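Inspection log for the structure reproduced underneath, given as structure tokens.
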Amino acid sequence: MKNKNIYTVASIVGMAGFIFVYDSANLGGSVKYIQPYFKLGPSQVGILVAISLIGNFFGSLLAGYFSDKIGRKLTMIYGVIVGIIGLLFASLAPFITIFYIGRIVFGFSIGLIFVAAPMYITEVAPAPKRGRAGSIRQLLLAFGLILGYTIGFIFNYHFSLEWNIKFGWRVLIFIEIALLIIMLFSMLTLVESPRWLIIKGRIEEAKESLEAFIDSKERVNIVFSEMLTNNSPEISGKKIKIRGGLVYALTLCIIFPIFRQLSGVNAITYYAQKIFATISSDTPSLAYFQSIFIGVSELLGAIFVVTFADKMGRKILLLIGAAGMFFSEAFIAYSLYETQIGLDLSYFIYIYNFFFTISAGAMLTVYISEVLPTVIRSKGSSLTGMINWIADAAIIYSFPLLNANIYLTEKFHGSISFIIFSGSMLIFFIIILFLPETKDKTLEEIADYWKTKGDWE
């Protein structure tokens, strides 16, 4: 089998993240066109922004089942096809109900892919390259965010409002469809996860898949032997009891996505323009343009983490990121509380986003997939995905409510959300101190570590 570059493979798989954040950025900018087109009230606009989370949740719920049943690769491919169908519904919608259905279907596809993709990269990447390969997704997220905000800015300031209301928002969705089609054809070139193939008893195919990513035949034989020992059909077919080290691993799957959302990242992404209009001393019309720099700061963070993920290790990057998020959000909270609102607050949003990208963005995604033993990786990843989307919806829903509460506004001057976010990052930092390092360890070695906490077989 022709040798494949793991970073090229990671880039193909990571396109899902690119498209997702492009969609999020564009949706935030397109609402002002979609609202008058469909004549939506305030509550319907809220549904418009959040309804895809329903699909995200159910996609994550079923992703583990499909990943085990048909494989990681096919789950991603079917997810892309479903996403294309959903966006076609949304882009051609004659009335709002069809648009809502399209958004739910698209959300379902993202839920599927976001669970299957990190799992796939974790299982195919050689241990010394796994951190960088897993972090490439974050690099593409940054590019997607920049592209989404930039295209939105161009449409906003170079096309008439009337044209955007009638055609603009549809064109933005057509761009997403084109990106998904490119991703679909690229994914057809991928091999299946060798660990999944072993679980299914397809031993020869598994070895061929492994050889696609490891040059040394001697190393292939060593890694393949470890895989057979830990992932054979006899072992994987047993009914697994959640006990011993599995309890520790699954606990991390529950708390990590909660802390990721408690960092406030999606609240900032969805409401970036309103935040900048509030905290910046510039004119509100520049808020859209300033949002582009969120993507730039994320790009810088992604470059940093791709460069150092396999050199510094997961734990140190998680700690650096958590500390950076705590201090930047604490500064924003203090400045808002003291009503010292100026351009410098915008800078701290960018600084926050840089540190988020390093830790709760890139490294946390890599770490979650690594710490789960193969026997429960698909189910644990589904659990993580579901909790992530629930927490996401809760934060997006509560963020504007907290800021609109008269008592809290008078008491904390608009700083309450950032007080909660920064406090959460301090707790997150403390939790990270007790985590095991996974750098340079095979997935089988990581599973053996959890067995020291109590066997589950």
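Backbone N, Cα and C define each Cβ position, glycine as well.
TrEMBL entries are annotated by machine, without manual review.
Residues or ranges marked as transmembrane segment by TrEMBL: 7-25 (among others). Counting only same-chain residues 6+ beyond the ends of the transmembrane segment (7-25), those with a CB under 8 A from a CB of the stretch are 76, 79-80, 83, 106, 110, 113-114, 117, 120-121, 124-125, 129, 132-134, 136-141, 143-145, 147-149, 152, 175-176, 179-180, 182-183, 186-187, 189-190, 213, 269-270, 291, 295.
According to TrEMBL, the feature domain 'Major facilitator superfamily (MFS) profile' maps to 9-440. Confidence over the domain 'Major facilitator superfamily (MFS) profile' (9-440), given as mean pLDDT on the 0 to 100 scale, stands at 86.
Per TrEMBL, transmembrane segment is recorded for 45-66 (among others). Taking Cβ pairs closer than 8 Å, the transmembrane segment (45-66) reaches residues 27-28, 31, 34-35, 74-75, 78-79, 86, 96, 99-100, 103-116, 270, 378-386, 388-390, 392-393, 396-397 in its own chain, all 6 or more past its ends.
Outside the transmembrane segment (78-100), and at least 6 residues removed from its termini, the chain residues within Cβ reach (under 8 Å) are 16, 19, 34, 38, 40, 44, 47-48, 51, 55, 59, 66, 70, 106-110, 112-113, 116, 170, 173-174, 176-177, 180-181, 183-184, 187. What TrEMBL lists as transmembrane segment is 78-100 (among others).
Among the features that TrEMBL reports, transmembrane segment is placed at 106-127 (among others).
Annotated transmembrane segment per TrEMBL: 139-159 (among others), in sequence order. Listed as Cβ neighbours of the transmembrane segment (139-159) (distance under 8 Å, sequence separation of 6 or more from its ends, same chain) are residues 11, 14-15, 17-26, 28-30, 168, 171-172, 175, 269, 272, 288-289, 291-292, 294-296, 298-299, 301-303, 306, 357, 361.
Proximity of distant same-chain residues to the transmembrane segment (171-191), defined by a Cβ-Cβ separation under 8 Å and at least 6 residues beyond the stretch ends, is recorded for 1, 4, 9, 12-13, 15-16, 18-19, 22-23, 26, 30, 73, 76-77, 80-81, 83-84, 87-88, 90-91, 124, 151-152, 155, 208-209, 212. TrEMBL lists 171-191 (among others) with the feature transmembrane segment.
As annotated by TrEMBL, transmembrane segment applies to 246-268 (among others). For the transmembrane segment (246-268), the list of distant contacts is 240, 275, 294, 325, 329, 349, 352-353, 356, 360-361, 364, 367-368, 371-373, 376, 380-381, 383-385, 387-388, 391-392, 394-396, 399, 417-418, 420-421, 424-425, 427-428, 431, 435, 450, 453-454, 456: same-chain residues at least six beyond its ends, Cβ to Cβ under 8 Å.
Sequence annotations record features per position, and here TrEMBL assigns transmembrane segment to 288-309 (among others). Outside the transmembrane segment (288-309) by six or more residues, the chain places 25, 29, 131-132, 134-136, 138-139, 141-150, 152-153, 156, 268-269, 272-273, 276, 280, 282, 317, 346, 349-351, 353-358, 361-363, 366 with a CB less than 8 A from a CB of the stretch.
Among residues of the same chain six or more beyond the transmembrane segment (316-337), those with a C-beta under 8 A of the stretch's C-beta atoms are 263-264, 279, 305, 308-309, 344-345, 348-349, 351-352, 354-364, 367, 412-415, 418-419, 421-422, 425-426, 428-429, 432-433, 435. According to TrEMBL, the transmembrane segment annotation covers 316-337 (among others).
For 349-368 (among others), the entry in TrEMBL reads transmembrane segment.
If you look at the transmembrane segment (389-408), the same-chain residues 6 or more away from its ends with a CB under 8 A from one of its CBs are 49-50, 53, 56-57, 60, 111, 257-258, 260-262, 264, 266-267, 270-271, 414, 416-417, 420. As annotated by TrEMBL, transmembrane segment applies to 389-408 (among others).
The transmembrane segment annotation in TrEMBL covers 414-435 (among others).
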